[in-house]
Amino acid sequence: MTEESEETVLYIEHRYVCSECNQLYGSLEEVLMHQNSHVPQQHFELVGVADPGVTVATDTASGTGLYQTLVQESQYQCLECGQLLMSPSQLLEHQELHLKMMTPQEAVPAEPPPKAPPLSSSTIHYECVDCKALFASQELWLNHRQTHLRATPTKAPAPVVLGSPVVPGPPVGQARVAVEHSYRKAEEGGEGATVPSAAATTTEVVTEVELLLYKCSECSQLFQLPADFLEHQATHFPAPVPESQEPALQQEVQASSPAEVPVSQPDPVPASDHSYELRNGEAIGRDRRGRRARRNNSGEAGGAATQELFCSACDQLFLSPHQLQQHLRSHREGVFKCPLCSRVFPSPSSLDQHLGDHSSESHFLCVDCGLAFGTEALLLAHRRAHTPNPLHSCPCGKTFVNLTKFLYHRRTHGVGGVPLPTTPVPPEEPVIGFPEPAPAETGEPEAPEPPVSEETSAGPAAPGTYRCLLCSREFGKALQLTRHQRFVHRLERRHKCSICGKMFKKKSHVRNHLRTHTGERPFPCPDCSKPFNSPANLARHRLTHTGERPYRCGDCGKAFTQSSTLRQHRLVHAQHFPYRCQECGVRFHRPYRLLMHRYHHTGEYPYKCRECPRSFLLRRLLEVHQLVVHAGRQPHRCPSCGAAFPSSLRLREHRCAAAAAQAPRRFECGTCGKKVGSAARLQAHEAAHAAAGPGEVLAKEPPAPRAPRATRAPVASPAGLGGTATASPAAPARRRGLECSECKKLFSTETSLQVHRRIHTGERPYPCPDCGKAFRQSTHLKDHRRLHTGERPFACEVCGKAFAISMRLAEHRRIHTGERPYSCPDCGKSYRSFSNLWKHRKTHQQQHQAAVRQQLAEAEAAVGLAVMETAVEALPLVEAIEIYPLAEAEGVQISG
């Protein structure tokens, strides 16, 4: 089983995670039954509306006469309306009714109610138990309850029973602290919507209602509304990535604006000073003395079970005796305080998990986007964002795994889940949270880089696509554009290599970079078995086998395998050299070339020998130096170009033109059966067939090998010099498909033809920024600029002499090997370089030209003598008459 299939199985088996302890479960029944273990089983004081099907008992132990709702049989509770259900399937069906009710177009038509209330039927209402008023939202209901709480004195509690379901216990996975909070949701025409008479309500003894508190298990902060509690919990646990980018980006900008910055966590304070409590509608943060006074004034109706939930040292509320015991242990053993941010934690395990956030220890990596997480639960929750069909998707773009949280979120948009209007983000405003990288002291561009894409000046994006405003790249989904902007343009480099200190944008990049230190290469090429340290490098390498170069320059037609290489190449056409040397003023268009240039100013190269004071610019040169000089062994040399390498593996990795010509030909033409060495050559060969036409077939046999340019003697056959020029039998012409219109020379690729045409047009698109000299090819400019920079990157492994051009190094190596591959066909003398042979051949050419001039002079002298001899005798009259018309026709004047 592959790694990808294993992750898929893991994702299927662990679809549900407990929001309290992050434990994973494979089914909904397991996680719901597990979450009941977090619900406290004490006898809470509940004054509420009971369902007729639920048993109601009196708590006689406390003597208060309050009603306690038993929930042993109904273990599954809906957090939307508080109704208790018997099985997970019933809970899901019940929650689906909420979805249909909140979406008008999907609602099931209901029977007409007997009496239509004045409010809208599509709104869920909240009823006040005192005055029977209905409200459309929890916020309005809560504000109304505040007026009753401030105006009503405290009296003996009395039960209030109505005919509709209520929340009798705490929600699953949340903290419910207060005990006398009751409310009812009434729907138009729904059952159990009967309101008692006014006489019955006047006889009721109204009690002081304590508000429900939702306590965060991470920071102990209390909330009144479940929606606020869920929104706060999202600050501790990352939510899934939304499918639509724009709403999420707007929320991020609004949440991070300086005018309104939300506080996700309270200020870190010692455990003895925690004062997060809300009673009787008063503000959170009263002192301990005031809380104890209010608790004493409320009477002893709380019972012993309620008093056990208060810490005697700091008067903090807790949900269960287990949490209280853990808190008391923090008083005995001391609080667990973070040494970096001074935040206090109740247990050492929570502190260890928090310290992992500071150290960026994320052991669970997402294989899709490279983001890292500290726990497997967070990774699995994040992986759901990559699924094509999220479980619950909101029209605003957010996705949810939990249906209850999805229902709470939809209520924030209003009726039917319609998104609220949001203010669009200005295009030029940067993404919040990702600051611009600070410029370095030296080597940074002094001017902004010009756009290198051909689509920069194009019009608006095509319908259904999203264009990046920085690089004009288009994407099919808004989520892809978001990830591109965050991880390419704005993401800061916050992941550091522990060995060399290099910074990276993603954790996965650090992981791939560490393989350069360890030497691990776990990704081999299936074609040549060459290993690589990352899948991206393997994908780039495989382009060399296929011959594909998808990135082509629009100015010179040169193609590249990487988009970054094309962008750097186009800087040459744009005359943009942003990287300037501070010492000599020479500019470069690539930062690594500036870095290599600086070594020549300092005189110290990065790779130093440990046994001698010599240093080298390349690691390969250092390894060859240690092998030859210190170890006394011979390096591995390339038989084609003579380059030396320290190992056979490095020699196999080396690629040169001569070795490529000798490579086995594995690509066969389907028309003529010819085999070539690469897919690019096969494509050019097939183009030659297409250019030849359907009636012509290229010769299957290759033509006779042409003699090298150095061994071909210039042929001179002057006509009329006393000899006849014999033409050699013409070989069958082999067309290649691309022909020069000026000189009819054939080429196999479009790039070669465009470079050749510059010879006829005189175009030189690569000028030198230092001296102004222009060149036809970028490689010629690159070699020329080394004359200005003094850079000599090609050093001999034997004597250490450095050269600016690799060809000069190859010629220099022949001094040590004694090789002389270039021989003169006239005299047989051999040379180490082609330039020396060319100079020698000029002497033979001069001798040949002198001989030709001598032959011409002798021929002219012989012709002159013949004219002088024949001009003495006069022509007969008849012949003169015949010659005269011919002479006039040719424009020759005959004297005499």
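Each Cβ is built from the backbone N, Cα and C atoms, and glycine gets one as well.
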Problem - Where Swiss-Prot places zinc finger among the ranges 156-179, 636-659, 852-875 - result: 636-659
Handout entry: Winner by Cβ pairs under 8 Å against the zinc finger (16-38), considering only 76-98, 466-489, 579-601, 822-844
Key = 76-98
Problem - Residue numbers, six or more beyond the limits of the zinc finger (766-788), whose CB comes under 8 Å of its CB atoms - result: 556, 558, 569, 572, 575, 577, 586-587, 755, 758-759, 804-805
Exercise for the section: Return the stretch with the most CB pairs under 8 A relative to the zinc finger (794-816), choosing among 76-98, 126-148, 466-489, 579-601, 822-844. Expected result: 822-844
Fill in the blank from the handout: When pLDDT is averaged across the zinc finger (76-98), the result is 73
